[in-house]
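Enquirer: Features from TrEMBL:
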- 41-289: domain 'G-protein coupled receptors family 1 profile' (DOMAIN)
- 25-48: transmembrane segment (TRANSMEM)
- 60-82: transmembrane segment (TRANSMEM)
- 102-120: transmembrane segment (TRANSMEM)
- 140-163: transmembrane segment (TRANSMEM)
- 200-225: transmembrane segment (TRANSMEM)
- 237-260: transmembrane segment (TRANSMEM)
- 272-291: transmembrane segment (TRANSMEM)
Amino acid sequence: MGQENQTVVAEFCFSDFPQFENGSLLLFVPLLFIYVFIIVGNFTIFSAVRLDTRLHNPMYNFISIFSFLEIWYTTATIPKMLSNLISERKTISFIGCLLQMYFFHSLGVTEALVLTLMAIDRYVAICNPLRYAVIMTPRLCAQLSTGSCVFGFLMLLPEIVWISTLPFCGPNQIHQLFCDFEPVLRLACTDTSMILVEDVIHAIFILTSVSIISLSYLRIITVILRIPSGESRQKAFSTCAAHVTVFLLFFGSVALTYLRFSVTFPPLLDKATALVFAVLAPLFNPIIYSLRNKDMKDAAMLSTVSGARDTI
């Protein structure tokens, strides 16, 4: 069929969401609760770090940036999921789909970079404590944070621009919970062998971040084990445990999704994996950083009280 006779797809349909009468409300309520918890929890962490001068150091600065990114990372996908659960038309415009992919993945890349910076920060603090204040200066931390955001949002632009030029003229059913590269590219009416190139680019970035973080924490663990004081050793382990847990949740689900190349997962497992890194991993971030850290709990409580006083 000639290009002129093809119908251009103006919107995509999420075909795997249940209809309202088939119990989608049972999914809507817990997802809404999770989303509200993610927003409130991460905003509380962000505000606590900004308001409490005791937390004005590189580690908490990176945590607050990560929490701020989590708010927008989940906002890129969850509100649309909620809408799809209660509306009859479970569609998204072509432009809306591109924007969702761009912001979701740009924020995800930026989060991965911030997690890498957090690992490097802990490495310097524990393995080279005498030079920590000299190396991790406020200016350097600000430059690294800004650079991560700029790189994260520039890295995805070429892919999004390329996808926007592809012809979409056939099926428009997206078999995923949100717009993602592979499900969308499979609907293009042209050669999409570039998917392999994208997979390689994603793999290089993910493996580089994972390698840096893993090597940093392996070195940290060897240094901690040599600390003579049991109390100091326990405090160091406790601090790093929170970072490692977030790292495993985030990169574990990301690796399952983007490091499989041509391996095909069953549809249910595919969606479960997407749900983990898009919803469940952000859910545990405020829990991990709040409950495992006394300074953070105290600051969060102070922030909440201050907010209540301002309201009154």
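The backbone N, Cα and C atoms fix where each Cβ goes, glycine too.
The model shown is predicted, which means the values in this text are computed figures rather than measured ones.
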Enquirer: Between the stretches 25-48, 60-82, 200-225, 237-260, 272-291, which wins on the count of C-beta pairs under 8 angstroms to the transmembrane segment (102-120)?
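Expert: Comparing 25-48, 60-82, 200-225, 237-260, 272-291: 60-82 has the most Cβ pairs near the transmembrane segment (102-120).
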Enquirer: For the domain 'G-protein coupled receptors family 1 profile' (41-289), report the average pLDDT of the model, please.
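Expert: Mean pLDDT, the domain 'G-protein coupled receptors family 1 profile' (41-289): 86.
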Enquirer: Counting only residues 6+ away from its ends, which parts of the chain sit with a Cβ under 8 Å from the transmembrane segment (272-291)?
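Expert: Same-chain residues near the transmembrane segment (272-291) but 6 or more away: 31, 34, 37-38, 41-42, 44-45, 63, 66-67, 70, 73-74, 77-78, 104, 108, 176-178, 180, 242, 245-246, 249-250, 252-254, 256-257, 265, 297, 300.
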Enquirer: Please give the sequence-distant neighbours of the transmembrane segment (200-225): residues at least 6 beyond its ends with Cβ less than 8 Å from one of its Cβ atoms.
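Expert: Long-range Cβ neighbours of the transmembrane segment (200-225): 109, 112-113, 115-116, 119-120, 122-123, 126-127, 155, 233, 236-237, 240, 243-244, 247, 251, 254-255, 258-259, 261.
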Enquirer: Same chain only, please: residues at least 6 beyond the ends of the transmembrane segment (60-82) with a C-beta under 8 Å from a C-beta of the stretch. Say none if there are none.
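Expert: 17, 28, 31-32, 34-35, 38-39, 42-43, 45-46, 48-50, 92, 100, 103-104, 107-108, 110-111, 114-115, 117-118, 121, 141, 145, 177-178, 246, 278-279, 282, 285-286, 289, 295-296.
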